[in-house]
There are 2 protein chains.
Amino acid sequence: MNTEDQDTRWMNVAVKLAEKGVGLTSPNPCVGAVIVHENQVIGSGFHEKAGLPHAERKAIADGTARGNAALFADSTLYVTLEPCSTTGKTPPCTEAILEHHFKRVVYGSQDPNPRHRGAAADILGRAGIQVTRGILEKECDHLIRGFRLNMLEGRPWVIAKSAMSLDGRISRSPERSQWLTNEKSRSFVHTLRAECDAILTGGNTMRLDNPSLTIRKPDRPVSSLKEQPWRIILTHNAASIPADSVCLTDEFRDRTLIVENVSSYLELLKNLYNERKTGTVLLEAGGCLVREFLKAGLVDEWVGFYAPIITGGGADGVTGGSFLEREAFLEQPVVSIFGSDVCIRGDVSYR
Amino acid sequence: MNTEDQDTRWMNVAVKLAEKGVGLTSPNPCVGAVIVHENQVIGSGFHEKAGLPHAERKAIADGTARGNAALFADSTLYVTLEPCSTTGKTPPCTEAILEHHFKRVVYGSQDPNPRHRGAAADILGRAGIQVTRGILEKECDHLIRGFRLNMLEGRPWVIAKSAMSLDGRISRSPERSQWLTNEKSRSFVHTLRAECDAILTGGNTMRLDNPSLTIRKPDRPVSSLKEQPWRIILTHNAASIPADSVCLTDEFRDRTLIVENVSSYLELLKNLYNERKTGTVLLEAGGCLVREFLKAGLVDEWVGFYAPIITGGGADGVTGGSFLEREAFLEQPVVSIFGSDVCIRGDVSYR
């Protein structure tokens, strides 16, 4: 394998590590790192939570614990995101890299944080460390799509989730099962919740479905560090939310907020990000609220489940009316199969 | 390989052959046949058109032409459907099998035609020919799902096709492209038309879209024997269909019928089957007509395309209102990807 193939191979390992941090790290990005010496991983780590060490320091600590510190000077550090170069809750990672005289540093994404952007390459380069950037950049950028938006627009990344019939409806006649989608799909929704810092829903969903919005049955293991996401209920009248709702009475009731009469969804999102560090928000709501967010251009990612049922009636997944001024397009949608259900997921662009 | 595996293997070849006849054979079923001698195919064929020889006779003719007739008495004939045992437009296939003293006959589906059902095994068995039935029965039954319905209910199999946005709409704002789905999806629709004997649409679609409903750009080769499917336009007022519509003026205009004020879709379908031998009909229509067919339990198969766009408004793929009394379920839906579009296809059951 040539150097480029090697770089891609090891960066891929770093990406997989970073993915373990999805949903845990807000307001920080998820980052993975591996230290490679003569084609062997001698240390690895990922960022697990804001306040805990960054991925680079985790990898260095791991390599040190494994007795490999003496090899660092002849090793390459692969990290999905440009190492930070300023002091936050933890000291800059560039310092740790310099301390251990790494031979080479390879990173994927440039840090969208204006305080760091592009600085690491200079700092490391001046110390004689070889720096290569942009390896698996697309994949690394995807990992931090929420974080980038947080930095650029000061608001959370919004994932809208909808579970529909083949004719775009989200409800069934009252005598039928509450659910359209199957258990596998619903289990994936629990995993999706684990990717997020808050779940937004509407008063109507609370009154009709009384959801718990918890991570009870994820289809993949969820870190013990994951907290119950905030549950944000948007309503015109707080008193209309039944006092015995699951979200208001269960063990996580202190993670539920009722917000009355929102005049700007953008302001709401900015406040959530600023006050509660919610880097990613999941919109699990009925067609009206989904439509309002789409109209405002505030759905950044779409996760749509389609159950193999035609109901012929019921509430729309996206409430109709006039066309959206800017249609919402899914970029390179990814299709997953959950039993007989289909899930179509992709980042949204408005055109 | 044991006999069972061998049987499955060769029946699979027969199924693939039969598939070449899909859309060509109405009112007959599509059938494929292979003659196997000592693990070699020595003759094969499929039914190409009503009036032309059945698959068994095609395979026998092929084997004979290849100089293999002398081997038939030591060969197995694999055929997807029970050989016919009565004289129709052509003499019974059981006779041809007896004439050539085949050693063994293996078939997949039992013939749903009450004049044949189960008779072949008796006729052949009495002549000392070994008969095995039910090999790849599910696959063979799937091939003749339309034919079975024709036999049992005296009406065509109805495939409803819809191309929707992710929110279940079939139209876009007027200043945008007419199409939601991409060229690959639309090309597959042309192939789908080639599977059918007639295309049903509504007056509104004619007035708004002026479709040609032809097989111009199929994504797979289409037999030169395929005729332009009938184009049936359902309307309350024939005069409302523009006289310069493509369907009324193109080279296939004699294959277009306008039907006014249908009082029963079931009767319409029965008439189409009886008078024009349309074994399979494609419903390519707007949400109102699709809903009417669903309400009547007359959609037998669903082919739904989903384009990666949320329009937020426009006409519904299935017009809303009260729930269907019996929801339409897709049995074991098959998901295909056409670029960024997703196609979900399956047979419908009403529950």
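One-based numbering along the chain as shown.
The backbone N, Cα and C atoms fix where each Cβ goes, glycine too.
As written in TrEMBL, here are the features:
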- B:5-121: domain 'CMP/dCMP-type deaminase' (DOMAIN)
- B:His54, B:Cys84, B:Cys93: Zn(2+) binding site (BINDING)
- B:Glu56: active site, proton donor (ACT_SITE)
- B:Ala163, B:Trp179, B:Thr205, B:Asp209: NADP(+) binding site (BINDING)
- B:Ser177, B:Arg193, B:Leu213, B:Arg216, B:Glu284: substrate binding site (BINDING)
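In sequence order, the binding-site residues from B:His54, B:Ala163, B:Arg193, B:Asp209 that place a Cβ under 8 angstroms from a chain A Cβ amount to none. Neighbour density for B:Asp209 (NADP(+) binding site): within 10 A of its CB lie 16 other CB atoms from the protein chains shown.
Mapped onto three states, the DSSP output places B:His54 (Zn(2+) binding site) in coil. Shown in sequence order, B:His54, B:Pro92, B:Cys93, B:Thr94, B:Asp111, B:Asn113, B:His116, B:Ala120 are the residues of the chain, 6+ apart in sequence, with a C-beta less than 8 angstroms from the C-beta of B:Cys84 (Zn(2+) binding site). Ranking the binding-site residues B:Ala163, B:Asp209, B:Arg216 by the distance of their Cα atoms from the Cα of B:Glu56 (active site, proton donor) places B:Arg216 first. Counted over all residue pairs in B:Ser177, B:Arg193, B:Leu213, B:Arg216, B:Glu284, the record's binders of substrate, the longest Cα to Cα distance measures 23 angstrom. DSSP classifies B:Ala163 (NADP(+) binding site) as strand under the three-state reduction. Taking DSSP states H, G and I as helix and E and B as strand, the domain 'CMP/dCMP-type deaminase' (B:5-121) has 42 helix, 25 strand, 50 coil. Comparing Cα positions, B:Trp179 (NADP(+) binding site) lies closest to B:Glu284 out of the binding-site residues B:Arg193, B:Arg216, B:Glu284. Local packing around the Cβ, expressed as the count of other Cβ atoms within 10 angstroms, is greatest for B:Glu56 among the recorded positions B:Glu56, B:Glu284. Using Cα positions, the member of the binding-site residues B:Ser177, B:Arg193, B:Leu213, B:Arg216, B:Glu284 nearest to B:Ala163 (NADP(+) binding site) is identified as B:Glu284.
Across the structure, B:Ser177 (substrate binding site) and B:Thr205 (NADP(+) binding site) place their CA atoms 16 angstrom apart.
Using a 10 Å Cβ-Cβ cutoff, B:Trp179 (NADP(+) binding site) registers 12 neighbours. Comparing C-alpha positions, B:Thr205 (NADP(+) binding site) sits nearest to B:Glu284 among the binding-site residues B:Arg193, B:Leu213, B:Arg216, B:Glu284.
DSSP assigns B:Glu284 (substrate binding site) to a strand segment in the three-state reduction.
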